[in-house]
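Novice: Please see the structure below; I have some questions.
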Amino acid sequence: MAAGSQKVSLQANIAYKKYRSNFLKKGIAIALFSGLTYGMYTALITMAMTKGVWADWYGDNKAKLSAFVIAYVIAALGNAINDTCSAVWAILYSIVKGKFGDFVRCVKSTPGRMILLAALLGGPIAGTAYVISLQMAGSIVVPISALCPAIAAILSRILFKQELNKRMMVGIAICVFASFLIGSTSISGSSASANTVVGIIIAVIAALGWGLEGCLAGYGSAMVDPQIGICIRQVTSGIANLFILVPFFSLLAGDIGLSVNLLTQAVTSGAAMPWFILSGLFTVITFTAWYAGNSMCGAGLGTACNGTYAFFGPLFCLLLLGIYGGMPGWSLPSVAWVGAVIMTFGIFVISMNPLDLLRKNKEKEEEVETYDAA
Amino acid sequence: MMPLNYAILKYFTKVEEACADDVINALKDTYGNFKALNKKDVITALMTAEANGLIEETRFELDNNNELKVYYHAHEEGAATINKYIKD
């Protein structure tokens, strides 16, 4: 800072200190909130897909859907409905905040188009992979998909020649160890199934998509207002899921008309739609908080705080589906909980040096002291 | 007309330094009816731009009403990035 020898009063110093620390604290709180609400979104979308017509598709299957349709078309449809609901919430919110006009203007700009491309990677590809893996292997995939900061760090090194130092590599090793710990509980247990293993592999695709999204969107969202950025993301994702991905999977299943048929049944399912409307709301909240948190306290610390969803995801699944819904199979083995906590720590180590937190505070204090002395 | 956030960033490529009040005064003719053109939101936008390395802080002072004013400017690299992605 080019403060020079300017004299500033003690009162100004106090006001300045408060101004600085309030912003950082607000950024950390928002980023942590994004991890918490991501856990809620995970539980709500999973709950939605157990209600109404979804209960039949994933249960008795009186509709006689093929294994492919259930694994891929239905999961993509769930993600499409969730993202479309969240797009409606995002547009409504932008109207309330008087930012809808800017949303339209941003889409036409270069940073807006970068977010749009990131949304295609994160929404239809990673989002659908996440829902497929959740349906195949349960909440055990949540910490696996949370590997995205590790993958983002590796991709940034390969694509943009960004730094990948020893601390980051140690963090990645911690994450890989934790994912092995979590994965081993399902693979080696008596309940091991091919579905679980495939689900975990598909969760890695989700992590890869979100890692790529993080690389691209990070740059675009430096200039676009976070609320507008999320509006672009959710509208792109909702449209691409509903009009490209679901029909594409239906075509692969041998009947493109299936997408319209299943969509009609899903949106008229009165028991499931309220849960999708809620999960859509939490999708907007969590992604807005993630983008805003990253912008306010830096992508490193922001991503570290958001990474706590590795823990909050399974927790809210247990609370909503296991305890509130009375459904079996949502309590993870204790080893997996330990793994989730270790992975959260590993994400933190990749994203930032914990000592930097102390160092930054000290630097700020020294800056203010310099003012005092001047 | 460009989005408000872009206009705020672009403004810093045209002035030596500015605080939130300066930004509001400069943009109120065009963006006066925007809800987000208020001191709180503009300060958040400035601090976010700073966190992203587009602008940097130059000094601070208390005004006659004892309100803190923090001044920022776009350094060479920040101005180049803003001009690269946000065209006039």
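Glycine is treated like the rest: Cβ placed from N, Cα and C.
Please treat TrEMBL annotations as automatic predictions, because they have not gone through curation.
Under the heading transmembrane segment, TrEMBL lists A:27-49, A:69-93, A:114-134, A:140-160, A:172-191, A:197-219, A:239-260, A:272-292, A:304-324, A:336-355.
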Novice: Considering only Cβ pairs within less than 8 angstroms, which of the stretches A:27-49, A:69-93, A:114-134, A:197-219, A:304-324 has the most against the transmembrane segment (A:239-260)?
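Specialist: Most Cβ pairs under 8 Å with the transmembrane segment (A:239-260) come from A:69-93.
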Novice: Out of A:27-49, A:69-93, A:197-219, A:272-292, A:304-324, which stretch touches the transmembrane segment (A:114-134) the most, going by CB pairs under 8 Å?
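Specialist: Ranking A:27-49, A:69-93, A:197-219, A:272-292, A:304-324 by Cβ pairs under 8 Å to the transmembrane segment (A:114-134) puts A:197-219 first.
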Novice: Given the transmembrane segment (A:69-93), which of the listed stretches A:197-219, A:272-292, A:304-324 has the most Cβ pairs that are under 8 Å apart from it?
Specialist: A:272-292
Novice: Let me spell it out: take the transmembrane segment (A:272-292), skip the flanking residues so only those 6+ beyond its ends count, and list any with a Cβ under 8 Å from a Cβ in it.
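Specialist: 27, 30-31, 33-34, 37-38, 40-41, 44-45, 47-49, 51-54, 81-90, 93, 217, 221, 226-227, 229-230, 233-234, 266, 302, 306.
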Novice: Mind checking which residues of the chain, 6+ beyond the ends of the transmembrane segment (A:304-324), have their Cβ under 8 Å from one of its Cβ atoms?
Specialist: 28, 31-32, 34-36, 38-40, 42-44, 46-47, 50, 138-140, 142-143, 146, 149, 290, 293-294, 297, 330-332, 336-337, 340-341, 343-344, 347-348, 350-352
